[in-house]
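The structure under discussion appears below in the form of structure tokens.
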Amino acid sequence: MKSFASLLFLAATAAAHATWQQIWVNGVDGGTSCLRRAANNNPIDVGAKELACNAHTLSPNVCTIKPGDKVTVEMHAQHGDRSCAQEAIGGNHYGPVMVYMAKVDDARTADANAADWFKVSEMGMASNNPVYWAVQVLNDNCGHWTFTVPDLAPGNYLIRSEVIALHVAGSIGGAQFYPGCFQVNVVGNGSGRPTETVKFPGAYKATDPGVLFDMYRPQSTYIIPGPRPYGTSPATVANTPYPTTATWNTALQPTTVPTVTPPVGGGTNPPPVTTVAPPVVTSQPPVPPTTQQPPVVTPTAPPSGPLQTQYGQCGGQGWNGPTQCQPPYTCTASNQWYHQCL
């Protein structure tokens with residue numbers, strides 16, 4: 001029989017839902033055209049081979065970028081849902097946001113586990129007065145995270161974006177990893193070849209200070225896992241309130257994925273863009289339903305007071321917010337400080 005603590009951990013893991021889904025280049029929406037699609041939106045273990053990209057399906061395309069471009073990667077809780085009504089990664093899954101890149105021969109077929117990854121963007125604890133995390137900044141901006149492409153030699157690369165959720169990271173194995181990858185071709189006259197690289201898995205250990213971390217104890221700093229970023233300064237922790245105003249124009253956020261892909265390329269010989277005919281869907285005629293009496297439903301009184309949404313916090317030591325959940329969710333304890341609607 002599983003222990004109560006292990007059941008709480010499994011409940012917290014099951015509640016975590018988010019994947020990286022879209023890419024933008026200088027404000028142009030590239031959608032999922034060069035995304036390595038994830039099999040599902042569950043977190044990845046620190047030692048799993050899926051930690052590299054969490055990829056189930058590779059893309060036949062690469063998106064073209066160059067040094068100095070502003071690249072935005074986009075995360076959402078459910079696949080295909082680009083609305084800002086729901087947090088990109090909810091349930092107070094606070095922690096760092098990082099972006100890595102790796103030079104490869106052909107981004108369309110490259111083995112992400114064999115790649116040499118260098119970091120190009122990071123943010124951990126944005127402020128300690130009050131504590132404000134990179135994930136909160138991500139959520140403020142409807143799941144959009146923007147970085148500048150550093151000086152890089154031309155060629156194919158993989159982009160790896162990542163969230164580490166620390167809400168149950170106070171014990172070994174509690175940190176939850178949400179990576180995702182995009183396939184790109186860097187053009188231009190750059191010459192940079194980063195040398196401080198890591199492998200995934202292998203870049204992090206379960207006992208690293210930024211992986212094994214109790215976010216419910218008073219903390220004034222946070223050590224971001226992984227190497228120092230290339231082409232930009234390491235992130236710092238502010239001791240003044242972090243601005244919560246979105247820098248991304250959420251009012252212009254599209255609700256669908258674009259049907260026209262951005263320019264593609266594959267090294268020296270760009271691959272042809274092929275048009276795939278829509279699948280032919282066949283179905284059997286519906287079987288008439290059998291007649292039966294409807295079940296007798298006994299109405300229940302709706303819960304009173306303010307209700308928390310799915311994955312939102314609903315209890316825990318020091319919590320003063322809603323303690324009841326919107327139907328059909330129930331308030332479930334992850335630990336003594338954090339309960340959420342599952």
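Numbering starts at 1 and runs along the chain as it is shown here.
Even glycines carry a Cβ here, placed using N, Cα and C.
What you are looking at is a predicted structure, and each value in this text was computed from that prediction instead of being measured.
These come from Swiss-Prot:
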BINDING   His17, His93, Tyr178  Cu(2+) binding site
MOD_RES   Thr19  phosphothreonine
MOD_RES   Thr57  phosphothreonine
MOD_RES   Ser59  phosphoserine
BINDING   His167, Gln176  O2 binding site
CARBOHYD  Asn189  N-linked glycosylation site
DOMAIN    306-342  domain 'CBM1'
For His17 (Cu(2+) binding site), the number of other Cβ atoms found within 10 Å of its own Cβ: 21
Neighbouring C-beta atoms (10 Å sphere around the C-beta of His93 (Cu(2+) binding site)): 27
Alpha-carbon distance [the residue listed as 'phosphoserine'; His167 (O2 binding site)] in Å: 32
Rounded inter-Cα distance in Å - Thr19 (phosphothreonine), Tyr178 (Cu(2+) binding site): 7
Thr57 (phosphothreonine), number of other Cβ atoms within 10 Å: 9
For Tyr178 (Cu(2+) binding site), the one of Thr57, Ser59, Asn189 that lies nearest, given that the recorded positions are compared by Cα: Thr57
DSSP-derived structure type at His17 (Cu(2+) binding site), helix or strand or else coil: coil
Inter-residue Cα distance where the pair is Gln176 (O2 binding site) and Asn189 (N-linked glycosylation site), in Å: 38
Residue from His17, His93, Gln176 whose C-alpha is spatially nearest that of Thr57 (phosphothreonine), among the binding-site residues: His17
